[in-house]
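Student: Below is a structure I'd like to ask you about.
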């Protein structure tokens, strides 16, 4: 058998299975490679072995070689340590973005090239086009499944060596293809959540690595409402898991996280889902990454997402001298969260993005610039 020109990242899911099937149907010399990115920690919840068996089965049906690589060490140092540091600092990271940049489109690409392949293919809902002398990252045709948000840190060399075979497909059509092709993953449930946590309780998992420290939950006026198990378990806008019972003199309505003071170990909540304390029209980012290697201009208009699957929000972007971004939105944004990814778009094209550093939300701004009085908001 000739050396495969393309190595497909087979995850054991239906998306990568159909990606491999499409390339095989095109007569492309391919092989499959399964990446183990998380070592079994003894919890009994690691899904990697089941996924690996499914990946082997798919490669068997397609009649293509199967390879295995353990990238758990690279994942730990390149993704998980950053994940823990961000949570410890009170921010909410996005490990999927780092996993794509540091593992799937770095170590996997290198492993494929070491096997003699020219490029890799994955089951991401995204598209690549070569326009104007540059490689462009485009949204997937299925807007509900589009994964360009998680791929915005990719660059020219990575896109030049990457295929997204299912980028033009709708999920419903992909399922039908998988069933008609007899792929053993055709009915497999889509994976959700953070890959290394799986179905486990998030607090229990995080508590293994970050010692919990209980503290006060306060309302915006500084009144003690309840007690929390650790501020890093919560993110802005969150409702679930606060376990705030009836509070004397307060309506029987849900509470929402509106601020975190990691230094004083205080969590701030409000009963208004759209509290003014959660609203921001401006954000500052860390250093930005541009898919084509450079921004469109020093100042330009585009649309942005500050969380996955968020509707596009019109904004104006100003590139600072140090490469960071100042972004002004046309209308207020709810719960823009430091540590999450800001991703910028021009129509179908993903321009790039950056990690959100700060916003002008009233409570966040006051917490960042004061010594934390007992009454945070007058």
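FYI, residue positions are counted from 1 along the chain as it appears here.
Just so you know, glycine gets a Cβ as well, placed from its N, Cα and C.
Relevant sequence annotations retrieved from Swiss-Prot are reproduced here:
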ACT_SITE  99  active site, nucleophile
ACT_SITE  195  active site, cysteine persulfide intermediate
BINDING   9, 10, 11, 12, 13, 14, 15, 16, 35, 123  ATP binding site
DISULFID  99-195  disulfide bond
SITE      124  site 'Interaction with tRNA'
SITE      340  site 'Interaction with tRNA'
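Locate each feature and note its surroundings.
Tutor: All chains included, 24 other C-beta atoms sit within 10 angstroms of the C-beta of residue 99 (active site, nucleophile). In the three-state DSSP assignment, the secondary structure recorded for residue 99 (active site, nucleophile) is helix.
Residue 13 (ATP binding site) carries neither a helix nor a strand DSSP state and counts as coil.
Residue 124 (site 'Interaction with tRNA') carries neither a helix nor a strand DSSP state and counts as coil. For residue 124 (site 'Interaction with tRNA'), the count of additional Cβ atoms within 10 Å of its Cβ stands at 26 [all protein chains shown].
Cβ environment of residue 340 (site 'Interaction with tRNA'): 92, 93, 94, 306, 307, 355, 356 lie under 8 Å away, each six or more residues apart in the same chain.
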Student: Among 9, 13, the binding-site residues in question, whose Cβ has the most other Cβ atoms within 10 Å in this structure?
Tutor: 9
Student: Output, ordered by sequence, the same-chain residues six or more apart from residue 15 (ATP binding site) with a CB under 8 Å from its CB, or 'none'.
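Tutor: Non-local contacts for residue 15 (ATP binding site): 123, 124, 125, 166, 174, 190.
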